[in-house]
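> I have a structure I would like to understand better, so I am pasting it below and will then ask my questions one at a time.
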Amino acid sequence: MAALVRISSLCHRGVSPLLFRPSSLIRPLAVQQKDHDCSYLISARIHATPSNYAGSGSKAATMHWTGERILSIALLSLAPVAYFCPSPAVDYSLAAALTLHGHWGLGQVVTDYVHGDAKIKMANAGLFVLSTVTFAGLCYFNYHDVGICKAVALLWSK
């Protein structure tokens, strides 16, 4: 049976503690079952789809994940459309898509890094305020100024 040996077990630097003795640092690469003669490699299961994470069986998480992916693809397709055909409809579509994309992304940051009921409620309220102000600002910019498409074109032209 093959074995994986750490480098620290090969280098002896004087006295080593009990937990770091060479005999405790040798770990088997393959695990052998007592009932069978064949050995099985240790493997990790990698989940690539959101359906493996939906523990309650509801479709809300899957639909949300699908919506995020559709929005990401829509943003990818809006970039060339905004460059070749700038119009108010594309400006407002970009404003809505960018705001929603940012809202969902920052919502995941809040979910991952904010702990405690009161802190989560405050962070979500702040996120809603930020998303609302962002969308209102982009709509104001589209209505009273040149719009998102022409503004980016002006940045590239200078």
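In case you wondered, yes, glycine gets a Cβ from its N, Cα and C as well.
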> Membrane side check (same topological domain name in Swiss-Prot): His115 and Lys158?
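No - Swiss-Prot names a different topological domain for His115 than for Lys158.
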> Report the DSSP secondary-structure composition of the topological domain 'Mitochondrial intermembrane' (142-158) as helix, strand and coil residue counts.
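Here the numbers are 13 helix, 0 strand, 4 coil.
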> Among all protein chains shown, how many Cβ atoms are found within 10 Å of the Cβ of His101 (heme b binding site), not counting that one?
15
> For the topological domain 'Mitochondrial matrix' (111-119), DSSP counts of helix, strand and coil?
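For that range the per-state counts are 6 helix, 0 strand, 3 coil.
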